[in-house]
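Each remark here refers to the structure printed beneath this line.
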């Protein structure tokens with residue numbers, strides 16, 4: 001078959017990005033989310049202001065860029081999702097299944113991050129925002145319109161029981177703002193604890209709308225996604241610019257911005273600051289979830305992926321920094337208007353998005369319009385990530401079961417139905433407690449573990465030397481030694497430190513406001529975590545037991561690449577095969593450019609050195 005015909009068939013059956021911009025915007029839509037707006041600014045303020053950028057940017061370079069490049073490049077090299085990409089070492093294919101299970105469970109509660117803005121959007125379509133006063137039917141005697149100490153309500157446990165960026169922070173506050181009561185009494189209709197639940201039908205309807213939109217965007221794959229991201233990705237940037245211009249013109253804005261960027265270099269000596277920088281990079285760029293592999297798999301084989309691996313992490317970082325100016329200019333205005341110290345109004349997470357910022361917007365002229373635009377921005381930031389997480393699940397399924405590819409619409413529909421039904425667990429009056437438990441346990445540890453397993457699989461099992469050779473073929477240029485040492489030593493070491501610090505920091509009690517979760521709730525949280533990660537050991541155990549031969553033969557077969565491993569198109573596969581034949585590796589850790597001159601001077605390997613075959617390499 002001619003290469004052009006083969007590529008056309010591949011494009012019809014699986015699809016490619018129509019342009020590089022579609023790929024970059026899709027990456028941005030996944031990586032740049034609500035965390036850039038409601039997590040990073042507070043972290044920067046809390047951990048030394050402008051000085052926090054030093055550990056953060058170092059972590060972007062040493063952790064974010066290598067991870068981003070590895071996952072995206074492996075998806076592009078094989079044109080496959082997060083399960084079949086582990087054909088490089090099938091013993092560890094359970095890591096891919098763990099990514100899929102984790103994405104499904106994470107989507108159950110992440111839906112609420114998108115559904116809450118929809119409720120606010122509906123309530124913003126009025127001449128007067130309902131959270132501007134304490135004379136509504138849902139207000140209590142604790143309501144105080146002159147107070148918005150959201151940081152006391154939400155952020156105390158952020159310092160005490162911090163664990164991999166939980167979405168919701170908590171403590172007790174005697175008096176609350178109207179925006180606080182609107183969020184808890186109207187949007188959440190919060191009950192007194194777990195198990196005391198009735199369905200909150202506006203949230204159910206909002207969750208239904210979320211997955212209706214997700215299905216309509218994902219059922220045809222990149223053909224639709226590549227067009228939609230032009231709107232859903234660029235609109236939040238437009239809104240950030242508009243809010244920035246409006247924010248810096250408000251009285252007190254400079255005061256807030258100064259608090260945000262003023263450097264405290266003494267913080268750089270605190271190991272916790274470096275840890276928080278690393279965790280923020282991890283959860284902002286989103287490795288270990290299978291999405292980067294899925295998006296990369298739609299690139300053409302020779303796409304310059306290494307450029308994107310540098311562009312996107314730093315675009316993501318620049319967006320986070322810029323969002324901090326947007327946030328703190330408004331917080332400075334709020335502090336000025338209420339004649340309160342900035343520390344009293346600084347908030348993070350949903351406290352910022354659903355309490356503090358709405359309260360500040362209510363003070364502006366044309367408040368309903370500003371509120372509508374702000375929550376539309378949050379909706380687009382959230383639903384973008386939902387598109388990509390769902391797409392990663394769908395493409396992984398159809399890659400594993402190719403007969404499902406013509407029925408992709410049905411697969412997408414079933415996945416969206418499963419996600420909607422799962423999200424109903426978070427749509428009750430105790431939904432906020434379910435969200436807290438799932439957020440605390442189901443994603444934090446699992447993402448770190450799946451990413452660590454991915455790095456170790458490709459660097460130490462398949463072999464970092466083979467990875468460098470594969471990428472050299474694909475990109476038609478050598479790969480820097482920086483990535484060689486990062487994948488082999490630096491990135492795994494950072495992961496181990498981060499993971500153990502996360503475990504240590506999670507030893508405290510789990511709280512939401514004045515509600516202390518019972519021990520069984522923490523048990524449910526750990527079960528949700530184990531439900532994902534158990535795929536990592538269970539899959540190899542089953543495959544070892546089902547394989548034929550001695551135990552040594554079974555393990556040898558499962559740690560070597562499958563025959564299907566490699567580029568998907570025959571033309572690209574032939575090019576890869578030729579380079580592997582011309583430039584064989586004496587062992588899996590050998591960098592293909594370690595001795596270029598000697599490789600060029602001899603056409604074949606000395607008989608004393610065993611060449612690693614292409615499809616069935618020997619175990620070294």
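Placement of Cβ uses the backbone N, Cα and C atoms for every residue, glycine included.
Site annotation (TrEMBL): Na(+) is bound by 36, 316, 381, 384, 385, and the candidate from 284, 344, 412 recorded at this site is 284. Per TrEMBL, the stretch carrying the note transmembrane segment among 441-462, 551-572, 573-594 is 441-462. Looking at 160-184, 310-334, the range tied to transmembrane segment in TrEMBL is 310-334. No contact links the transmembrane segment (234-262) to the transmembrane segment (482-504), because fewer than 3 Cβ pairs that are 6 or more residues apart lie under 8 A. Apart from 36, 284, 316, 381, 384, 385, the residues listed for Na(+), the same chain places the Cβ atoms of 28, 29, 30, 31, 32, 33, 34, 35, 319 within 8 Å of the centroid of those Cβ atoms.
In this structure, of the recorded positions 134, 143, 381, the smallest number of CB atoms within 10 A of the CB marks 134. If one looks beyond the transmembrane segment (199-222) by at least 6 residues along the same chain, the residues whose Cβ comes under 8 Å of a Cβ in the stretch are 14-18, 22, 26, 111-112, 114-116, 118-119, 122, 187-189, 228, 298, 383, 386-387, 390-391, 394-395, 408-409, 412-413, 416-417, 419-420, 423-424, 426-429, 431.
If you take the C-beta of residue 316 (Na(+) binding site) and look for same-chain residues 6 or more apart in sequence within under 8 angstroms, you find 28, 31, 32, 36, 284, 285.
Residue 385 (Na(+) binding site): 24 other CB atoms within 10 A of its CB, across all protein chains.
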